[in-house]
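A short write-up of the structure that comes next.
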Amino acid sequence: MYIVHIETFRFKTSTPQVMSGVQDFEYTVTDVIEGKEYLFSVIACNKCGPGEPAYIDEPVNVSSPASLTARAGTKIDLPADVLGKPEPRVKWTKADHHINKLVSDDSCTLLIQQGKRSDTGLYTLTASNSLVAPTIEVDVKLIEGLVVKAGSTIILPAVMQGIPTPTAKWQSEGNELKTEGKFKVVTEGNSTVLTISECVRTDSGEYGLTVANPAGSKSVALHVTVLDVPSAPVGPVNILEVTPDHMIIQWRAPKDDGGTPMMNYIVEKKDVKKPWEPWSVVSSGSTSTKAKVPRLEKGREYIVRVRAENKIGIGAGLESPPTIAKHMFDPPGPPGQPTCSDITENAVTVSWTEPETDGGSPVSGYIVERREMTGKWIRVNKTPVLDVRYRVCGLFEGNSYEFRIFAENVAGVSEPSYPSDPMKAKRPITPPGPPSNIKLKDWSKSYADLVWTKPSRDGGSPIQGYVIECQKAGSAQWDKINKDLIKFCAFRVPGLSEGTEYRFRIRASNKVGDAKFIFKFAEPPGPVSNLKVADSSKTSITLAWTKPTYDGGA
(Lines of atoms letter the chains of each structure in order from A and count residues from 1; the text may use other names and numbers.)
(Lines give C-alpha, C1' and ligand atoms only; values in the text may rest on other atoms or scores of the structure.)
Protein backbone atom coordinates (compact mmCIF):
# COMPACT_ATOMS: atom_id res chain seq x y z
CA MET A 1 0.00 0.00 0.00
CA TYR A 2 1.13 3.58 -0.70
CA ILE A 3 0.34 7.03 0.71
CA VAL A 4 0.41 10.09 -1.61
CA HIS A 5 1.10 13.56 -0.12
CA ILE A 6 0.06 16.67 -2.15
CA GLU A 7 1.34 20.06 -0.94
CA THR A 8 1.00 23.51 -2.52
CA PHE A 9 4.42 24.91 -3.43
CA ARG A 10 5.34 28.24 -1.82
CA PHE A 11 2.56 27.64 0.74
CA LYS A 12 4.17 24.96 2.86
CA THR A 13 2.29 26.12 5.90
CA SER A 14 -0.90 24.85 4.33
CA THR A 15 -2.17 21.45 5.36
CA PRO A 16 -1.07 18.85 2.76
CA GLN A 17 -3.56 16.46 1.24
CA VAL A 18 -3.00 12.83 2.18
CA MET A 19 -4.32 10.08 -0.07
CA SER A 20 -3.93 6.70 1.68
CA GLY A 21 -4.76 3.18 0.60
CA VAL A 22 -3.30 3.54 -2.91
CA GLN A 23 -2.68 0.02 -4.25
CA ASP A 24 -1.36 0.75 -7.76
CA PHE A 25 1.91 2.35 -8.88
CA GLU A 26 0.13 5.51 -10.23
CA TYR A 27 -2.46 7.95 -8.96
CA THR A 28 -4.40 10.80 -10.63
CA VAL A 29 -4.59 13.94 -8.51
CA THR A 30 -7.80 15.93 -9.06
CA ASP A 31 -9.09 19.28 -7.83
CA VAL A 32 -5.81 21.09 -8.56
CA ILE A 33 -5.81 24.80 -9.49
CA GLU A 34 -4.40 25.98 -12.79
CA GLY A 35 -1.34 28.17 -12.43
CA LYS A 36 -0.34 26.83 -9.02
CA GLU A 37 2.69 24.64 -8.34
CA TYR A 38 2.51 21.47 -6.29
CA LEU A 39 4.94 19.16 -4.51
CA PHE A 40 4.30 15.42 -4.40
CA SER A 41 5.73 12.59 -2.28
CA VAL A 42 4.92 8.89 -2.03
CA ILE A 43 5.44 6.61 1.00
CA ALA A 44 5.38 2.81 0.85
CA CYS A 45 3.80 0.98 3.81
CA ASN A 46 3.80 -2.58 5.11
CA LYS A 47 2.58 -4.26 8.30
CA CYS A 48 5.53 -2.79 10.22
CA GLY A 49 4.62 0.79 9.29
CA PRO A 50 5.51 3.50 6.73
CA GLY A 51 8.89 3.72 5.04
CA GLU A 52 10.95 6.72 3.95
CA PRO A 53 9.15 9.10 1.52
CA ALA A 54 10.17 9.58 -2.13
CA TYR A 55 9.88 13.13 -3.55
CA ILE A 56 9.52 14.73 -6.99
CA ASP A 57 12.54 17.01 -7.17
CA GLU A 58 10.85 19.99 -8.92
CA PRO A 59 7.42 21.48 -8.25
CA VAL A 60 4.75 20.68 -10.85
CA ASN A 61 2.94 23.63 -12.49
CA VAL A 62 -0.71 22.99 -13.30
CA SER A 63 -1.68 24.36 -16.73
CA SER A 64 -4.30 23.75 -19.42
CA PRO A 65 -3.35 21.63 -22.42
CA ALA A 66 -1.33 23.59 -24.99
CA SER A 67 -3.11 24.53 -28.27
CA LEU A 68 -1.54 24.33 -31.72
CA THR A 69 -3.08 25.38 -35.08
CA ALA A 70 -1.57 24.22 -38.35
CA ARG A 71 -2.51 24.18 -42.05
CA ALA A 72 -3.41 20.93 -43.72
CA GLY A 73 -0.47 19.39 -45.53
CA THR A 74 2.16 21.01 -43.28
CA LYS A 75 4.50 19.33 -40.80
CA ILE A 76 3.26 19.30 -37.22
CA ASP A 77 5.84 19.12 -34.41
CA LEU A 78 4.71 18.48 -30.80
CA PRO A 79 7.91 18.72 -28.67
CA ALA A 80 8.15 17.50 -25.05
CA ASP A 81 10.97 17.25 -22.50
CA VAL A 82 10.76 14.17 -20.29
CA LEU A 83 13.36 13.47 -17.59
CA GLY A 84 13.60 10.56 -15.19
CA LYS A 85 15.81 7.82 -13.81
CA PRO A 86 15.72 5.21 -15.08
CA GLU A 87 14.76 6.70 -18.45
CA PRO A 88 10.95 6.85 -18.52
CA ARG A 89 8.79 5.05 -21.03
CA VAL A 90 6.92 7.57 -23.26
CA LYS A 91 3.48 7.04 -24.78
CA TRP A 92 1.50 9.43 -27.01
CA THR A 93 -2.24 8.90 -27.27
CA LYS A 94 -5.09 10.56 -29.16
CA ALA A 95 -8.61 9.96 -27.97
CA ASP A 96 -7.28 7.07 -25.82
CA HIS A 97 -5.68 5.43 -28.88
CA HIS A 98 -1.96 4.70 -28.72
CA ILE A 99 0.16 6.38 -31.42
CA ASN A 100 3.24 4.31 -32.18
CA LYS A 101 4.20 5.15 -35.75
CA LEU A 102 4.67 8.87 -35.66
CA VAL A 103 7.01 9.20 -32.68
CA SER A 104 10.55 10.52 -33.29
CA ASP A 105 13.69 8.63 -32.32
CA ASP A 106 13.95 10.31 -28.95
CA SER A 107 10.40 9.10 -28.14
CA CYS A 108 9.50 12.47 -26.70
CA THR A 109 8.55 14.55 -29.76
CA LEU A 110 5.50 13.69 -31.84
CA LEU A 111 5.94 14.37 -35.58
CA ILE A 112 3.08 14.49 -38.07
CA GLN A 113 4.60 14.85 -41.54
CA GLN A 114 1.54 16.09 -43.48
CA GLY A 115 -1.30 17.24 -41.30
CA LYS A 116 -4.89 16.84 -42.30
CA ARG A 117 -8.30 17.58 -40.82
CA SER A 118 -8.59 14.16 -39.26
CA ASP A 119 -5.45 14.88 -37.17
CA THR A 120 -7.35 17.46 -35.22
CA GLY A 121 -7.83 16.47 -31.56
CA LEU A 122 -6.33 16.20 -28.06
CA TYR A 123 -2.89 14.57 -27.92
CA THR A 124 -1.66 13.30 -24.55
CA LEU A 125 1.91 12.39 -23.56
CA THR A 126 2.29 9.87 -20.71
CA ALA A 127 5.75 9.17 -19.23
CA SER A 128 6.32 6.47 -16.63
CA ASN A 129 9.06 4.44 -15.07
CA SER A 130 8.83 1.45 -12.64
CA LEU A 131 10.24 0.42 -9.27
CA VAL A 132 13.54 -1.48 -9.35
CA ALA A 133 14.46 -3.85 -6.53
CA PRO A 134 17.70 -2.93 -4.76
CA THR A 135 21.09 -4.55 -5.39
CA ILE A 136 24.40 -4.29 -3.56
CA GLU A 137 27.88 -4.20 -5.00
CA VAL A 138 30.80 -4.85 -2.64
CA ASP A 139 34.38 -6.00 -3.06
CA VAL A 140 34.42 -9.80 -3.03
CA LYS A 141 37.37 -9.64 -0.59
CA LEU A 142 35.05 -8.17 2.02
CA ILE A 143 32.67 -11.10 1.68
CA GLU A 144 35.49 -13.64 1.84
CA GLY A 145 36.98 -11.84 4.84
CA LEU A 146 38.91 -8.67 5.56
CA VAL A 147 41.97 -9.10 7.79
CA VAL A 148 43.43 -6.01 9.51
CA LYS A 149 45.79 -5.23 12.37
CA ALA A 150 44.52 -3.88 15.65
CA GLY A 151 44.66 -0.10 15.82
CA SER A 152 43.97 0.42 12.13
CA THR A 153 40.81 1.83 10.56
CA ILE A 154 38.31 -0.54 8.96
CA ILE A 155 36.49 0.82 5.90
CA LEU A 156 33.57 -1.17 4.49
CA PRO A 157 32.21 0.52 1.32
CA ALA A 158 29.22 -0.62 -0.73
CA VAL A 159 27.32 0.60 -3.79
CA MET A 160 23.56 0.12 -3.92
CA GLN A 161 21.21 0.40 -6.88
CA GLY A 162 17.43 0.54 -7.09
CA ILE A 163 14.43 2.69 -7.94
CA PRO A 164 13.79 4.62 -5.82
CA THR A 165 17.24 4.92 -4.23
CA PRO A 166 17.38 2.34 -1.40
CA THR A 167 17.98 3.10 2.25
CA ALA A 168 20.93 1.40 3.98
CA LYS A 169 21.19 -0.16 7.46
CA TRP A 170 24.40 -1.61 8.97
CA GLN A 171 24.22 -4.24 11.72
CA SER A 172 26.54 -6.23 13.99
CA GLU A 173 25.38 -9.07 16.24
CA GLY A 174 21.76 -8.04 15.67
CA ASN A 175 22.32 -4.40 16.68
CA GLU A 176 22.01 -1.51 14.25
CA LEU A 177 25.18 0.52 13.84
CA LYS A 178 24.97 4.29 13.63
CA THR A 179 27.49 7.09 13.75
CA GLU A 180 28.58 6.87 17.37
CA GLY A 181 31.96 6.53 19.07
CA LYS A 182 34.36 4.60 16.88
CA PHE A 183 31.63 3.79 14.33
CA LYS A 184 30.75 6.11 11.46
CA VAL A 185 28.06 5.46 8.85
CA VAL A 186 27.93 7.68 5.75
CA THR A 187 25.21 7.10 3.13
CA GLU A 188 25.08 9.44 0.14
CA GLY A 189 23.12 8.66 -3.00
CA ASN A 190 23.96 5.16 -4.12
CA SER A 191 26.96 4.82 -1.77
CA THR A 192 27.13 3.72 1.86
CA VAL A 193 30.31 3.31 3.95
CA LEU A 194 30.85 1.90 7.46
CA THR A 195 34.07 3.07 9.11
CA ILE A 196 35.49 1.63 12.35
CA SER A 197 38.42 3.57 13.77
CA GLU A 198 41.10 2.24 16.14
CA CYS A 199 39.81 -1.32 15.79
CA VAL A 200 40.50 -3.97 18.43
CA ARG A 201 40.16 -7.78 18.55
CA THR A 202 36.56 -7.60 19.72
CA ASP A 203 35.66 -5.79 16.50
CA SER A 204 36.20 -9.08 14.65
CA GLY A 205 33.05 -10.67 13.32
CA GLU A 206 30.31 -10.36 10.74
CA TYR A 207 28.87 -7.02 9.67
CA GLY A 208 25.56 -7.05 7.83
CA LEU A 209 24.32 -4.49 5.32
CA THR A 210 20.65 -4.39 4.33
CA VAL A 211 19.37 -2.02 1.62
CA ALA A 212 15.67 -1.59 0.95
CA ASN A 213 13.15 0.33 -1.13
CA PRO A 214 9.46 -0.25 -1.88
CA ALA A 215 10.43 -2.91 -4.45
CA GLY A 216 12.19 -5.11 -1.90
CA SER A 217 15.39 -5.52 0.10
CA LYS A 218 18.83 -7.07 -0.24
CA SER A 219 21.34 -8.12 2.42
CA VAL A 220 25.02 -9.00 2.40
CA ALA A 221 27.41 -10.12 5.16
CA LEU A 222 30.95 -8.76 5.35
CA HIS A 223 33.53 -10.61 7.45
CA VAL A 224 36.26 -8.86 9.42
CA THR A 225 39.15 -10.35 11.39
CA VAL A 226 41.25 -8.07 13.57
CA LEU A 227 44.71 -9.42 14.38
CA ASP A 228 46.50 -8.40 17.56
CA VAL A 229 49.24 -9.59 19.87
CA PRO A 230 48.25 -12.52 22.14
CA SER A 231 46.68 -11.92 25.50
CA ALA A 232 48.69 -12.75 28.62
CA PRO A 233 49.18 -16.46 29.40
CA VAL A 234 46.61 -17.87 31.82
CA GLY A 235 47.88 -18.02 35.37
CA PRO A 236 48.94 -18.74 37.87
CA VAL A 237 52.56 -19.57 37.16
CA ASN A 238 52.91 -22.95 38.87
CA ILE A 239 56.27 -23.63 40.49
CA LEU A 240 56.69 -27.33 39.83
CA GLU A 241 60.18 -27.57 41.27
CA VAL A 242 62.64 -25.22 42.90
CA THR A 243 66.21 -25.84 44.07
CA PRO A 244 69.07 -23.54 45.05
CA ASP A 245 70.16 -23.28 41.38
CA HIS A 246 67.04 -23.65 39.21
CA MET A 247 63.26 -23.82 39.10
CA ILE A 248 60.76 -25.43 36.74
CA ILE A 249 57.59 -23.49 35.98
CA GLN A 250 54.37 -24.17 34.10
CA TRP A 251 51.51 -22.01 32.81
CA ARG A 252 48.53 -22.20 30.46
CA ALA A 253 48.17 -20.82 26.94
CA PRO A 254 46.51 -17.41 26.44
CA LYS A 255 42.75 -17.38 26.05
CA ASP A 256 43.20 -15.30 22.87
CA ASP A 257 46.05 -16.01 20.46
CA GLY A 258 45.42 -12.69 18.70
CA GLY A 259 43.89 -14.37 15.67
CA THR A 260 47.13 -15.87 14.41
CA PRO A 261 49.10 -18.93 15.57
CA MET A 262 51.49 -18.68 18.50
CA MET A 263 55.17 -18.55 17.58
CA ASN A 264 56.79 -18.96 21.00
CA TYR A 265 56.87 -17.96 24.66
CA ILE A 266 59.44 -15.59 26.12
CA VAL A 267 60.43 -16.50 29.70
CA GLU A 268 62.34 -13.93 31.76
CA LYS A 269 63.58 -13.68 35.34
CA LYS A 270 64.48 -10.84 37.70
CA ASP A 271 66.04 -10.63 41.18
CA VAL A 272 63.43 -9.08 43.49
CA LYS A 273 66.13 -7.20 45.40
CA LYS A 274 67.44 -5.63 42.15
CA PRO A 275 64.37 -4.00 40.54
CA TRP A 276 66.55 -1.60 38.53
CA GLU A 277 68.04 -4.44 36.53
CA PRO A 278 66.36 -5.35 33.22
CA TRP A 279 64.56 -8.64 32.75
CA SER A 280 66.90 -11.47 31.82
CA VAL A 281 65.66 -13.80 29.06
CA VAL A 282 66.10 -17.44 30.04
CA SER A 283 63.97 -19.16 27.39
CA SER A 284 62.47 -18.33 23.97
CA GLY A 285 61.73 -20.05 20.70
CA SER A 286 59.45 -22.72 22.19
CA THR A 287 55.68 -23.14 22.25
CA SER A 288 55.82 -25.43 25.30
CA THR A 289 53.97 -24.18 28.37
CA LYS A 290 56.69 -25.52 30.65
CA ALA A 291 60.19 -24.14 31.10
CA LYS A 292 63.29 -24.47 33.25
CA VAL A 293 64.72 -21.29 34.76
CA PRO A 294 68.45 -21.97 35.34
CA ARG A 295 71.39 -20.12 36.91
CA LEU A 296 69.73 -19.05 40.14
CA GLU A 297 71.69 -18.00 43.21
CA LYS A 298 70.94 -19.85 46.41
CA GLY A 299 68.85 -17.86 48.87
CA ARG A 300 67.93 -15.08 46.42
CA GLU A 301 64.31 -14.27 45.63
CA TYR A 302 63.15 -14.21 42.01
CA ILE A 303 60.06 -13.41 39.98
CA VAL A 304 59.50 -14.93 36.55
CA ARG A 305 57.58 -13.35 33.64
CA VAL A 306 56.05 -15.24 30.70
CA ARG A 307 54.90 -13.54 27.48
CA ALA A 308 53.39 -15.02 24.32
CA GLU A 309 54.43 -13.95 20.82
CA ASN A 310 52.76 -14.23 17.41
CA LYS A 311 53.53 -12.62 14.05
CA ILE A 312 51.91 -9.36 15.19
CA GLY A 313 54.12 -8.99 18.26
CA ILE A 314 54.63 -9.81 21.94
CA GLY A 315 51.65 -9.78 24.28
CA ALA A 316 51.23 -8.84 27.93
CA GLY A 317 53.16 -10.73 30.59
CA LEU A 318 52.15 -13.12 33.37
CA GLU A 319 54.31 -12.86 36.50
CA SER A 320 54.98 -15.50 39.14
CA PRO A 321 54.92 -14.84 42.88
CA PRO A 322 58.35 -14.16 44.43
CA THR A 323 60.17 -17.46 44.96
CA ILE A 324 63.34 -18.12 46.95
CA ALA A 325 65.98 -20.32 45.34
CA LYS A 326 66.09 -23.19 47.82
CA HIS A 327 64.71 -26.65 48.30
CA MET A 328 61.03 -25.98 48.60
CA PHE A 329 59.89 -29.23 50.16
CA ASP A 330 59.73 -30.44 53.76
CA PRO A 331 58.50 -33.80 54.99
CA PRO A 332 54.72 -33.78 55.44
CA GLY A 333 52.99 -33.43 58.77
CA PRO A 334 51.75 -36.53 60.62
CA PRO A 335 48.53 -38.15 59.38
CA GLY A 336 45.39 -38.11 61.52
CA GLN A 337 44.91 -40.70 64.26
CA PRO A 338 43.93 -44.03 62.64
CA THR A 339 40.70 -45.87 63.37
CA CYS A 340 39.91 -49.58 63.09
CA SER A 341 36.89 -51.18 61.43
CA ASP A 342 35.73 -54.46 59.92
CA ILE A 343 37.53 -56.46 62.63
CA THR A 344 37.84 -60.22 62.29
CA GLU A 345 39.87 -62.85 64.14
CA ASN A 346 42.88 -62.31 61.82
CA ALA A 347 42.46 -58.96 60.01
CA VAL A 348 41.36 -55.34 60.42
CA THR A 349 40.86 -52.29 58.17
CA VAL A 350 42.87 -49.27 59.35
CA SER A 351 41.79 -45.78 58.15
CA TRP A 352 43.28 -42.32 58.67
CA THR A 353 43.10 -38.74 57.36
CA GLU A 354 45.65 -36.87 55.27
CA PRO A 355 48.24 -34.66 56.99
CA GLU A 356 47.29 -31.04 57.57
CA THR A 357 50.36 -30.04 55.55
CA ASP A 358 52.14 -31.91 52.75
CA GLY A 359 55.41 -30.04 53.29
CA GLY A 360 55.14 -28.33 49.90
CA SER A 361 55.24 -31.56 47.91
CA PRO A 362 52.37 -33.99 47.32
CA VAL A 363 52.23 -37.00 49.64
CA SER A 364 53.50 -39.96 47.65
CA GLY A 365 52.32 -42.69 50.05
CA TYR A 366 51.87 -43.92 53.61
CA ILE A 367 53.63 -46.40 55.92
CA VAL A 368 51.54 -48.50 58.32
CA GLU A 369 53.00 -49.98 61.54
CA ARG A 370 51.44 -52.23 64.19
CA ARG A 371 52.40 -53.58 67.55
CA GLU A 372 50.95 -55.82 70.20
CA MET A 373 50.31 -54.02 73.44
CA THR A 374 53.63 -55.09 74.97
CA GLY A 375 55.64 -55.45 71.76
CA LYS A 376 57.67 -53.37 69.33
CA TRP A 377 56.44 -51.46 66.31
CA ILE A 378 56.56 -53.51 63.11
CA ARG A 379 56.10 -52.17 59.56
CA VAL A 380 53.11 -53.82 57.87
CA ASN A 381 53.32 -52.73 54.19
CA LYS A 382 56.35 -53.31 51.95
CA THR A 383 55.47 -50.56 49.43
CA PRO A 384 53.87 -47.18 50.26
CA VAL A 385 50.08 -47.23 50.59
CA LEU A 386 48.49 -44.81 48.09
CA ASP A 387 45.06 -44.68 49.76
CA VAL A 388 44.10 -43.50 53.27
CA ARG A 389 43.02 -47.01 54.34
CA TYR A 390 44.74 -50.36 54.47
CA ARG A 391 43.63 -53.91 55.26
CA VAL A 392 46.06 -55.42 57.79
CA CYS A 393 46.11 -59.23 57.75
CA GLY A 394 48.04 -61.87 59.71
CA LEU A 395 46.72 -61.00 63.18
CA PHE A 396 46.34 -63.58 65.93
CA GLU A 397 42.88 -64.14 67.37
CA GLY A 398 42.52 -62.84 70.89
CA ASN A 399 45.55 -60.54 70.73
CA SER A 400 45.19 -56.75 71.11
CA TYR A 401 46.89 -54.39 68.66
CA GLU A 402 47.37 -50.69 67.98
CA PHE A 403 48.48 -48.95 64.77
CA ARG A 404 50.25 -45.78 63.66
CA ILE A 405 50.77 -44.14 60.25
CA PHE A 406 53.62 -42.20 58.56
CA ALA A 407 53.22 -39.94 55.50
CA GLU A 408 55.96 -39.71 52.87
CA ASN A 409 56.93 -37.25 50.10
CA VAL A 410 60.09 -36.50 48.11
CA ALA A 411 61.60 -34.74 51.14
CA GLY A 412 61.23 -37.70 53.48
CA VAL A 413 58.98 -39.36 56.04
CA SER A 414 56.75 -37.54 58.53
CA GLU A 415 56.49 -37.94 62.26
CA PRO A 416 54.15 -40.82 63.21
CA SER A 417 50.47 -40.26 63.86
CA TYR A 418 48.94 -40.80 67.26
CA PRO A 419 48.43 -44.54 67.81
CA SER A 420 44.97 -45.93 67.24
CA ASP A 421 42.83 -47.09 70.11
CA PRO A 422 43.66 -50.71 70.98
CA MET A 423 41.60 -53.36 69.19
CA LYS A 424 41.27 -57.10 69.76
CA ALA A 425 41.36 -59.55 66.89
CA LYS A 426 38.15 -61.55 67.22
CA ARG A 427 35.33 -62.87 65.20
CA PRO A 428 32.76 -60.24 64.23
CA ILE A 429 29.48 -60.10 66.16
CA THR A 430 26.32 -61.01 64.24
CA PRO A 431 22.68 -61.53 65.23
CA PRO A 432 22.14 -64.87 67.01
CA GLY A 433 20.65 -67.99 65.48
CA PRO A 434 17.04 -69.09 66.10
CA PRO A 435 15.86 -70.80 69.30
CA SER A 436 15.27 -74.55 69.03
CA ASN A 437 13.02 -77.23 70.56
CA ILE A 438 10.08 -74.88 70.95
CA LYS A 439 7.23 -76.67 72.80
CA LEU A 440 3.80 -75.94 74.17
CA LYS A 441 4.24 -77.19 77.71
CA ASP A 442 0.76 -76.38 78.99
CA TRP A 443 -2.28 -74.31 78.09
CA SER A 444 -5.75 -73.33 79.22
CA LYS A 445 -8.59 -71.28 77.83
CA SER A 446 -6.71 -68.03 78.70
CA TYR A 447 -2.98 -68.76 78.61
CA ALA A 448 -0.27 -70.88 77.00
CA ASP A 449 3.08 -71.95 78.51
CA LEU A 450 5.94 -71.99 76.01
CA VAL A 451 9.42 -73.45 76.51
CA TRP A 452 12.44 -73.56 74.18
CA THR A 453 16.17 -74.08 74.00
CA LYS A 454 18.58 -71.17 73.48
CA PRO A 455 20.18 -70.82 70.01
CA SER A 456 23.22 -72.92 69.23
CA ARG A 457 24.93 -69.77 67.88
CA ASP A 458 24.92 -66.49 69.83
CA GLY A 459 26.57 -64.44 67.01
CA GLY A 460 29.66 -63.70 69.10
CA SER A 461 27.76 -61.78 71.79
CA PRO A 462 25.75 -63.10 74.78
CA ILE A 463 22.03 -63.58 74.28
CA GLN A 464 20.27 -60.65 75.98
CA GLY A 465 16.77 -62.10 75.85
CA TYR A 466 13.88 -63.22 73.69
CA VAL A 467 10.89 -61.69 71.92
CA ILE A 468 7.58 -63.57 71.53
CA GLU A 469 4.92 -62.60 69.00
CA CYS A 470 1.52 -64.16 68.37
CA GLN A 471 -0.86 -64.24 65.43
CA LYS A 472 -4.54 -65.11 65.43
CA ALA A 473 -5.60 -67.67 62.86
CA GLY A 474 -6.80 -66.00 59.66
CA SER A 475 -4.93 -62.75 60.42
CA ALA A 476 -1.72 -61.49 58.82
CA GLN A 477 -0.81 -59.33 61.81
CA TRP A 478 1.79 -60.37 64.40
CA ASP A 479 1.49 -58.81 67.87
CA LYS A 480 4.37 -58.53 70.31
CA ILE A 481 3.59 -60.23 73.62
CA ASN A 482 6.37 -58.97 75.91
CA LYS A 483 7.44 -55.36 76.39
CA ASP A 484 10.83 -56.27 77.86
CA LEU A 485 13.19 -59.00 76.71
CA ILE A 486 12.44 -62.40 78.26
CA LYS A 487 15.55 -63.54 80.11
CA PHE A 488 14.66 -67.25 80.39
CA CYS A 489 13.71 -69.97 77.93
CA ALA A 490 10.14 -70.22 79.21
CA PHE A 491 7.18 -67.84 79.23
CA ARG A 492 3.46 -67.93 79.98
CA VAL A 493 1.46 -66.05 77.34
CA PRO A 494 -1.57 -64.51 79.10
CA GLY A 495 -4.75 -62.92 77.80
CA LEU A 496 -5.78 -65.56 75.24
CA SER A 497 -9.37 -65.88 74.13
CA GLU A 498 -11.13 -69.20 74.55
CA GLY A 499 -11.83 -70.98 71.27
CA THR A 500 -9.34 -68.87 69.28
CA GLU A 501 -6.43 -70.52 67.50
CA TYR A 502 -2.99 -68.85 67.84
CA ARG A 503 0.42 -69.10 66.28
CA PHE A 504 3.57 -68.07 68.16
CA ARG A 505 7.10 -67.19 67.09
CA ILE A 506 10.22 -66.57 69.16
CA ARG A 507 13.36 -64.59 68.29
CA ALA A 508 16.63 -64.34 70.20
CA SER A 509 18.40 -60.97 70.57
CA ASN A 510 21.96 -59.87 71.32
CA LYS A 511 23.58 -56.43 71.26
CA VAL A 512 23.69 -56.44 67.45
CA GLY A 513 19.98 -57.14 67.04
CA ASP A 514 17.33 -59.83 66.69
CA ALA A 515 17.80 -63.12 64.90
CA LYS A 516 16.87 -62.98 61.25
CA PHE A 517 15.31 -66.45 61.25
CA ILE A 518 11.70 -66.60 62.40
CA PHE A 519 10.04 -69.81 63.60
CA LYS A 520 6.27 -70.13 63.92
CA PHE A 521 4.63 -72.01 66.80
CA ALA A 522 2.10 -73.60 67.49
CA GLU A 523 -1.44 -74.91 66.87
CA PRO A 524 -3.52 -77.60 68.62
CA PRO A 525 -2.77 -81.00 67.10
CA GLY A 526 -5.13 -82.85 64.78
CA PRO A 527 -7.46 -85.62 66.04
CA VAL A 528 -6.18 -89.04 66.98
CA SER A 529 -7.20 -91.96 64.79
CA ASN A 530 -8.05 -95.63 65.23
CA LEU A 531 -9.51 -95.14 68.72
CA LYS A 532 -10.65 -98.52 70.12
CA VAL A 533 -11.09 -100.59 73.30
CA ALA A 534 -8.03 -102.77 73.61
CA ASP A 535 -9.07 -104.64 76.78
CA SER A 536 -11.67 -104.63 79.54
CA SER A 537 -12.35 -106.16 82.96
CA LYS A 538 -14.77 -105.76 85.82
CA THR A 539 -12.91 -102.72 87.06
CA SER A 540 -11.15 -101.17 84.00
CA ILE A 541 -11.19 -100.50 80.29
CA THR A 542 -8.01 -100.11 78.22
CA LEU A 543 -8.22 -97.70 75.24
CA ALA A 544 -5.76 -97.59 72.30
CA TRP A 545 -5.32 -95.09 69.36
CA THR A 546 -2.91 -93.83 66.75
CA LYS A 547 -1.24 -90.38 67.15
CA PRO A 548 -2.54 -87.48 65.03
CA THR A 549 -1.07 -86.96 61.57
CA TYR A 550 -0.53 -83.22 62.44
CA ASP A 551 1.07 -82.34 65.79
CA GLY A 552 0.34 -78.58 65.57
CA GLY A 553 4.03 -77.73 65.42
CA ALA A 554 4.90 -79.07 68.93
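Quick reminder: no glycine exception, Cβ is built from N, Cα and C everywhere.
The annotation domain 'Fibronectin type-III' is assigned in TrEMBL to 1-66 (among others). The average pLDDT computed over the domain 'Fibronectin type-III' (1-66) stands at 75.
Feature annotation from TrEMBL assigns domain 'Ig-like' to 59-141.
Per TrEMBL, the feature domain 'Fibronectin type-III' maps to 233-332 (among others).
Broken down with DSSP, the domain 'Fibronectin type-III' (334-428) shows 0 helix, 38 strand, 57 coil. Per TrEMBL, domain 'Fibronectin type-III' is recorded for 334-428 (among others).
Within the same chain, residues 334-340, 342-348, 350, 352, 373, 395-406, 452-461, 463, 466, 489, 506-519 sit at least 6 positions outside the region 'Disordered' (417-436) and bring their C-beta atoms closer than 8 Å to a C-beta of that stretch. Among the features that TrEMBL reports, region 'Disordered' is placed at 417-436.
Residue counts for the domain 'Fibronectin type-III' (434-536) under DSSP, split into helix (H, G, I), strand (E, B) and coil, are 0 helix, 49 strand, 54 coil. According to TrEMBL, the feature domain 'Fibronectin type-III' maps to 434-536 (among others).
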Please list, for the domain 'Fibronectin type-III' (1-66), how many residues fall into helix, strand and coil according to DSSP.
0 helix, 32 strand, 34 coil
